[in-house]
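Residues or ranges marked as transmembrane segment by TrEMBL: 12-32. The Zn(2+) 2 binding site feature in TrEMBL is assigned to HIS142, ASP175, ASP236. For ASP144, the entry in TrEMBL reads active site. Annotated Zn(2+) 1 binding site per TrEMBL: ASP175, GLU210, HIS482, in sequence order. According to TrEMBL, the active site, proton acceptor annotation covers GLU209. What TrEMBL lists as domain 'Peptidase M20 dimerisation' is 258-404.
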Amino acid sequence: MTGHSAQWKLFKFLKVLLFSFIFSITVLFLVATVRTFTFDADAGLQLGKWENTTAISLHLSPQQRKNLLANFKAAIQIPTVSFTETNVSTSALREFDGLLRKVFPKIFSSSLVQHEMVGNYSHLFTVPGSDPDLEPYMLLAHIDVVPADEADGWDAPPFSAQEINGFIYGRGTIDNKQSVMGILQALEYLLERGYTPRRTFYIGLGHDEEVNGLHGAVNIVKLLKSRGVKLQYVLDEGLAVLDGVISGLDGPAALIGISEKGQATVKLSVSTPPGHSSMPPRESGIGILASAVKRLEENPMPRLFGYGPERGTFEHLAHKFGLPLRFIMSNLWLFSPLLSRVLERKPVTNAFVRTTTAVTMFNSGVKINIIPSYAEAFVNFRIHSAQTLQEVLELVESTVSDERVKVELVNGFDPLPISSYDEQAFGFQIIKKTVQGMFPQLTVAPGICVGNTDSRHYKDITQDIYRFAPSWFKPGDPQRFHGVNERISIKNYEEIVLFYFQLIQNNDIRKLPPPHSGQHEL
């Protein structure tokens with residue numbers, strides 16, 4: 001009887017345990033299902049009552065469209081290439097300065113606009129507002145471009161600005177002269193129409209962003225800091241409109257960068273006695289170094305998806321996915337580990353998951369029959385928002401784990417702070433309102449920039465830095481950044497001009513409306 005009683009108690013316990021498990025799973029499923037069909041993180045302030053501002057509309061005549069396009073083509077045709085921090089195309093930068101003064105006469109002759117040259121080739125424009133109590137904002141872009149060689153397979157010479165099937169081809173069309181010319185063209189049109197802003201704003205055009213901005217952006221920031229300037233927000237290049245790029249998403253999405261990954265360049269080196277190739281040692285310096293590099297590639301940095309702003313990206317897009325993806329994206333509190341494992345399978349999405357490891361240079365040897373005495377490799381890390389530079393260096397040391405391999409930090413910096421993107425975030429909501437005013441079909445979401453921009457130098461004078469321009473990207477287009485056949489459609493460039501034209505005016509409100517949740521009435 002005792003044994004039977006014990007078995008019965010065990011059976012009852014297992015039955016309760018099974019029931020509890022099934023009940024818990026059912027509750028989780030119901031909660032997740034309800035959340036799937038009610039969750040919309042992109043709702044924003046659509047229902048809020050926005051303050052009215054004096055609206056100046058932009059209607060372009062055929063001749064104005066022709067001139068606008070000619071100005072942009074002229075900008076692309078000037079090869080403002082930055083090769084290294086000490087080697088920039090100074091003659092091209094001077095030529096570009098002359099172009100700006102020629103095609104934007106209102107800006108350079110206006111008594112309203114103050115223009116200054118900074119670091120010899122960068123530009124700072126100050127446009128004072130009528131209400132000094134409103135905190136100013138700043139628009140950024142950069143004039144310089146990376147090198148380009150027609151022999152790499154361009155469909156048109158990279159500095160020709162040639163028109164093919166409605167697209168302008170050329171280095172700088174999407175990185176970043178479309179914003180340089182778009183911002184100034186918008187301001188030119190506003191000044192022609194007698195516009196005076198309520199809120200002061202600045203325009204900063206760096207000349208060496210592609211080589212870290214140490215003479216352009218850094219000096220602009222120093223100048224602003226010396227004047228005690230504090231900014232409401234900064235808008236720079238970064239993310240874009242993605243159309244068909246995100247698998248499973250219903251319709252295009254505009255991603256506004258709210259942070260940038262950090263960066264570290266690490267040098268690995270091995271020194272060994274030299275010798276003749278006819279009597280090689282069991283392990284050469286090259287072999288030791290190759291093994292260390294292989295260990296870094298085979299042991300990637302830890303998965304950190306969900307611990308940084310990337311979770312907000314997918315939550316804001318969740319309602320635009322079909323089932324079953326919508327179920328997963330709406331419930332990342334439950335499915336983050338699953339999504340993380342899926343994303344890491346492709347290089348493009350793996351960058352959202354972790355600090356990435358890229359071996360970019362490997363140098364050794366002077367002659368075919370000499371065992372080299374020295375070998376070195378350079379590894380570039382793009383640091384996830386949930387990690388620090390120091391943590392990455394410690395992981396590199398432990399992964400290499402070989403006293404013969406010297407590990408040195410060449411340069412690096414921590415990930416940038418995460419800018420606010422809630423319903424009280426002035427800059428984010430103004431950018432979002434402008435985007436959705438032009439493109440009502442777009443879903444707007446915060447995003448993370450895996451590359452770096454000039455805006456990182458501005459973190460001491462503002463808490464909120466956003467990285468976005470409404471360049472429209474379809475599948476394959478993101479690879480045109482720093483790649484072959486960089487291009488932009490004529491229609492999209494006109495949209496960029498209109499975006500900045502509207503954005504400047506939208507910034508003239510004194511404050512945001514109350515959160516949309518406060519607008520509902522039963």
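These residue numbers are counts, starting from 1, taken along the chain as shown.
Placed from the backbone N, Cα and C atoms, the Cβ positions cover glycine too.
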Near Zn(2+) 1: residues not in ASP175, GLU210, HIS482 with Cβ within 8 Å of the site Cβ centroid are VAL145, VAL146, ARG171, ASN176, PHE481
Same-chain residues at least 6 apart in sequence with Cβ under 8 Å of the Cβ of GLU210 (Zn(2+) 1 binding site), in sequence order, are SER82, HIS142, ASP144, VAL145, VAL146
On the domain 'Peptidase M20 dimerisation' (258-404), the mean of the pLDDT values is 94
Cα-Cα, the residue listed as 'active site, proton acceptor' versus HIS482 (Zn(2+) 1 binding site), nearest Å, comes out at 13
Listed in sequence order, the residues of the same chain lying six or more positions from ASP236 (Zn(2+) 2 binding site) whose CB sits under 8 Å from its CB are LEU140, ALA141, THR453, ASP454, SER455, ILE465, TYR466, ARG467
Cα-Cα, HIS482 (Zn(2+) 1 binding site) versus ASP175 (Zn(2+) 2 binding site), nearest Å, comes out at 8
Fewest neighbouring Cβ atoms within 10 Å among the recorded positions ASP144, ASP175, GLU209 goes to ASP175
Summed over the domain 'Peptidase M20 dimerisation' (258-404), the DSSP helix, strand and coil counts are 61 helix, 37 strand, 49 coil
